[in-house]
Amino acid sequence: MSTIVIAVIALAALAAVFGAILGFASIRFKVEADPIVDQIDAILPQTQCGQCGYPGCRPYAEAIANGDAINKCPPGGQATIEKLADLMGVEVQDSAHDLDNKVKMVAFIHEDMCIGCTKCIQACPVDAIVGGNKAVHTVIKNECTGCDLCVAPCPTDCIEMIPVQTTPESWKWQLNAIPVVNVTDSAPAAQKSAN
């Protein structure tokens, strides 16, 4: 037999042996994940922004499973808090970040100051910044979560957080500001005072 055929057979045999060892090890040493952590992680928005105080959504999901508050995720908003409360069987909590009264902010890059270093692109957890090396970068406003992680790495301080302009889509009615009077409760009192 030729040396090439012997080498191919030897490599194939080694690959089969090591593949079998890896297959056995993956079954034997498999670590079961907590299913509740997986369910919580599926509800979280996966922005990995760190606004909750944890380095990403998975560590925050593990903390929630261990009893931490469910109201620390600004990108998820009130809808995420309600889903987490339903899953965990706890009361719906108000947001820890006062999301209803907080103005949504997005990153804005002053393009005349941008040097194209890509540090902001690397820091953005949701890929809301586009641009290339040594080229001007810009922010996709609809994708930006306002996490503020892109501001610190910028060497020229050309990124600032600006409030999102109010549009018909982002308008929030303050329905609790309108007082509601129950007419049926006030009618007997008015009749008693007339008598």
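Cβ from N, Cα, C; glycine included.
The annotation in Swiss-Prot ties Cys144, Cys147, Cys150 to [4Fe-4S] cluster 3, and of the candidates under consideration, Cys124, Cys158, the one tied to the same site is Cys124. Take the [4Fe-4S] cluster 1 site that Swiss-Prot assigns to Cys49, Cys52, Cys57: the candidate from Cys73, Cys114 listed for it is Cys73. Residues of the same chain lying 6 or more positions beyond the ends of the domain '4Fe-4S ferredoxin-type 2' (135-164) and with a Cβ under 8 Å from any Cβ of it are 45, 47, 49-51, 74-75, 103-111, 113-129, 170. When the binding-site residues Cys49, Cys52, Cys57, Cys124, Cys150 are ranked by how far their Cα is from the Cα of Cys114 ([4Fe-4S] cluster 2 binding site), Cys150 comes first. Ranking the binding-site residues Cys117, Cys124, Cys144, Cys147, Cys150 by Cα distance from Cys73 ([4Fe-4S] cluster 1 binding site) puts Cys147 first.
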